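To keep things clear, I will list the structure first and then write my remarks on it.
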Amino acid sequence: MAISDSPETVGITGTSTSPLTDSDLTHTLRRRPAAATTVTRDVADSGSKTGEDDSTLNDLVRDSGSDDSVTAKICEPGDNVRIGGSEASMDSVNAVQDNKGLGENDRGGDRSAVKFAYRPSVPAHRRVKESPLSSDAIFRQSHAGLFNLCIVVLVAVNSRLIIENLMKYGWLIKTGFWFSSRSLRDWPLLMCCLTLPIFPLAAFVVEKLALQKSISEPAVVSLHMIITTTSILYPVLVILRCDSAVLSGVTLMLFACIVWLKLVSYVHTNYDMRALGKSTEKGDAVPSSSNTDIPHNISLKSLAYFMVAPTLCYQTSYPRTACVRKGWVFRQLVKLIIFTGLMGFIVEQYINPIVKNSQHPLKGNLLYAIERVLKLSVPNLYVWLCMFYCFFHLWLNILAELLCFGDREFYKDWWNAKTVEEYWRMWNMPVHKWMVRHIYFPCLRHGVPKGVAIVIAFLVSAVFHELCIAVPCHMFKLWAFIGIMLQVPLVLITNYLQDKFRNSMVGNMIFWFIFCILGQPMCLLLYYHDLMNRKGKAE
């Protein structure tokens, strides 16, 4: 048997009873590939009907032009072939072909396709290809295996560090970690937290009077300003007058800030509905369909639902789910307990020893400060990620499930953010929606430039970050305020880099480094040492 230069041009030599003319040779050369292709197509089409027999034929018949074809063994009747880990004879394969209606000529074409598949004369390189890890093809490949490798390495490395930490320092978590006798001194903060619902009730009374037109619009605005301001100043004064634990103060300030944000949304939304109603009555404006579908009614039930719902934006009705999945809620609660315990373990075993053995980052040795920040960055990052998962995913979803709250987009894929601006738009969706609805677009509607509106939004965020940290620590160093306001130039820098290096993750790397590796550990060290200095002076 002889094979010509083309893998599909096959000539036959040997003994023959009749001479093979040029026309017969041409007919043979043209017919054989077509027959093999036809048989392959027929076998593939019929293979969807019979199951195991189909895999037998499909494994035997390979297209020699495929890049994924494998070296085929020339099989004759009576030979055994290995298919899927088991051996089968060619006679059984022929019997399968007979059952499918494949005659002797079809089987001959089938064997011909197997014989000439991936012969030495068949080209192995057919087109230009990139290596999977080249710069042009790396993002078109699936990296699931490398991701699994990173998970395995991460688990192995951290397991070793945990064992080493326990062997070196022992069990550092004290019995009074969750509750101690000092916690009893925080009862004024608990009473303050329990009295916070007074302010939503006061706002409800004012809105009722405004709906009945019992008081003027300026009086409504003035009363709401008094109520909202008092709702944030009242907890601040209670914390400053009590020698409470920092964690208890942070918890109370978070509740107070949430109440303030919800009250502002409640007041602003009702004010906007009254304004739209007056414009409609005068014929000055036609409300959009999204506003006409929502009736302007003041209901204590809707306010109570809003105050406990996992949202900061008020509306009279929300998308709701049909029922509560009790088993799902139980599983999420178990996860919440596990990850909360993990956070406590990391804080006590890693963060506290590192912080206590550190110096003030702005007063000590520079290299030592950098070493402490980098050593603190990894456990701090783990705690921050666990906090995000516990609060934004587990707790908010549990609350939404119990209240049948339908819109559960509490975050987006902020970990893929290419700029700092994208991160702030995606990581905390309840606050982002509140900022857009009640700060950013109202500024734009009043003629404020876009850049100034962004700065105002960051200014509001910086004030509340400072309140939640400085008030429980009983000191105002403005580290949190400065850290949030520094996000504005970072937004400009990462936006510029994203425009300059398109389709790159430069901005994402800068975000991870500045925010998680440098920013948070630095703020933690600054507040810790300032707090220790304040306590030392007080003693």
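Note: Cβ is positioned from N, Cα and C throughout, glycine not excepted.
Remember, predicted model here, so these are calculated numbers, not experimental data.
Annotation source TrEMBL lists region 'Disordered' at 1-69.
TrEMBL lists 13-23 with the feature compositional bias 'Low complexity'.
What TrEMBL records for 144-163 (among others) is transmembrane segment. For the transmembrane segment (144-163), the list of distant contacts is 349: same-chain residues at least six beyond its ends, Cβ to Cβ under 8 Å.
Look at TrEMBL and you will find 187-206 (among others) tagged as transmembrane segment.
Sequence annotations record features per position, and here TrEMBL assigns transmembrane segment to 218-240 (among others).
Look at TrEMBL and you will find 246-264 (among others) tagged as transmembrane segment.
The transmembrane segment annotation in TrEMBL covers 333-351 (among others).
If you look up TrEMBL, you'll see 381-405 (among others) marked as transmembrane segment.
With a threshold of 8 Å between CB atoms, the same-chain residues lying at least 6 positions outside the transmembrane segment (452-472) that come near it are 232, 236, 239-240, 244, 246-250, 252-254, 257, 431, 435, 439-440, 443-444, 478-485, 487-488, 491, 527. Feature annotation from TrEMBL assigns transmembrane segment to 452-472 (among others).
Shown in sequence order, A480, F481, G483, I484 are the residues of the chain, 6+ apart in sequence, with a C-beta less than 8 angstroms from the C-beta of H465 (active site). According to TrEMBL, the feature active site maps to H465.
Summarising the annotation, TrEMBL assigns transmembrane segment to 478-497 (among others).
According to TrEMBL, the feature transmembrane segment maps to 509-529 (among others). Same-chain residues lying 6+ beyond the ends of the transmembrane segment (509-529) with a Cβ under 8 Å from its Cβ atoms: 351, 355, 358-362, 369, 372-374, 376-377, 380-381, 384, 417, 419-420, 423, 469, 473, 477, 479-480, 483, 490, 493-494, 497.
Here the transmembrane segment (246-264) sits against the transmembrane segment (218-240); at least 3 CB pairs are under 8 Å, leaving out pairs fewer than 6 apart in sequence. Residues 418-421, 424, 454-455, 458-459, 461-463, 465-466, 468-470, 506-507, 510-511, 514, 519, 523, 526-527, 530 of the same chain lie 6 or more positions beyond the ends of the transmembrane segment (478-497) yet place their CB under 8 Å from a CB of it.
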